[in-house]
Amino acid sequence: MASFAIGSHHLNPLRQFKKHSLHPPSSPASPPPSFGSSFCRFRGSTRFGSGLLVRAEDKARDSSYSSPIQQRTQQPNSIKQLQDAAEESGNCDPICSVDETSSQEYETNYQPKTDLLKAFAVVGTALTGAAAINHSWVAANQDLAMALLFGIGYAGIIFEESLAFNKSGVGLLMAVSLWTVRSIGAPSVDIAVSELQHASGEVSEIVFFLLGAMTIVEIVDAHQGFKLVTDNITTRKPRSLLWVIGLVTFFLSSILDNLTSTIVMVSLLRKLVPPSEYRKLLGAVVVIAANAGGAWTPIGDVTTTMLWIHGQISTLPTIKDLFIPSAVSLAVPLALMSLTSEVNGKGQDAADVLASEQMAPRGQLVFSIGVGALIFVPVFKALTGLPPYMGMLLGLGVLWIVTDAIHYGESDRQKLKVPQALSRIDTQGALFFLGILLSVSSLEAAGLLRELANYLDAHIPNFELVASAVGVVSAIIDNVPLVAATMGMYDLTSFPQDSEFWQLIAYCAGTGGSMLVIGSAAGVAFMGMEKVDFFWYMKKVSGFAFAGYAAGIAAYLAVHNLNLSLPTTLAEVPFLSGS
């Protein structure tokens, strides 16, 4: 889900791992980073594809499964043996896990005085904030206090690498602080509690949806189910491969998140093309295609999912009206890239670089059920009228029972079951969503977002410009809070369901992040896996991505004004119409 996209395209939930993935171990004797090590350095990152990022760590361990009891009874030097084996194979490095850090390195880096000062600084800051909250000035200046808190918190999220604070923790602190201020400034605490309960109900729907989708994707990947897609790409001609990679990613991202699609496709490129400028360009195509593919389906990106769950867009109109603009936003960069010297250069045809991995037993069955469960979610919503997260939980429950049944008695395949998958999904990404969405909902409850909407209406009356600006800004700032703020600024009375404004927001927020490599989770994953420089992407790709973004907006306006869309016979499908 490209913004699964929970995923997002973005959220840029991987930015906190950028500095690790861009700087391999400093030892000069270390071998070049392999495909496995790239994945390993992203361990713990965002959204639906996070489980893919720890696959190399699993491979570095012994292939046989041992129960927790067995693990506790192993000899003490077994951990050291695993470390040595991982380092020799190049599949892991000390960044992979704190647990794998050697005692010598721990003793070298351990600084008790510095840690104590940091602890005092954090506690002192918290006490200062608590004292300020109790001040009568906060009650008299609620709007200003909340704006300052949100600004400070969001700055902490943006500069998390410099501050060494995880954005999920910052987001949770910001949410609690904002709602505390709201409880002080509200007419009564009961009103603030009622507003919080309403906001929590809406936010929990998105979090449950994301957790279910992430787990399903992780189970499919554990069974190597995506090989059914990647193994069918056989062409080695540079220009043909450019288009094939783009189109496959485009459609794959429409049902998965953009991060998962990027990881799957970039890992495929490592098997098809040797390291070169051409392979980097193909990886950039994957980023653009993953973000574009997530914009035209309700389950393709976290922002479209948010808009869909809250009723701003519905299934069939979104697919019909946004497919062509999204396809144009991919086709234009592909056409322009086809003319570059990297694609037209000689010597690009190559045989497979790496051997293909074997699909796990029953991988085809699990792939079919997993993808079917994702596709069935809109159908379930239309048939029952229940929220989408219920359909996602239904699919997860079915897949859970199926994997338990087909692997019954197979103790060496526990990692293929749901409990092991739950330990590998990106729960910190879900908590980041929770913090951000609760923070934005507090601003909405206080009326700040409505005031901002009124200001924009007075100074920028053209809603197309507002939506376009959201897309441009999303290349720098996470698109989730941007879309959440937009949803708080404008309600369904201002712009009804499936209006041009909401559809443009879905398209612009989904594709705008392609203009910078740090603008989406897909871009940051590609940045780490292929060691791509920020300025290389800006020089080689940003112009193409911007051309596609602008062309997609123009295509949407042209299609809408000319009343063109996909064949309207789709509307005759009973479970899609109006869902």
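Keep in mind that glycine also has a Cβ here, set from the backbone N, Cα and C atoms.
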Can you identify, from 19-38, 59-78, the stretch that TrEMBL calls region 'Disordered'? 59-78
Long-range Cβ contacts under 8 Å made by the transmembrane segment (541-559), restricted to residues 6 or more beyond its ends, are 281, 284, 287-288, 292, 321-322, 324-326, 328-333, 336-337, 464, 468, 471, 503-504, 507-508, 511-512, 514-517, 565
Averaged over the domain 'Citrate transporter-like' (155-487), what pLDDT does the prediction give? 84
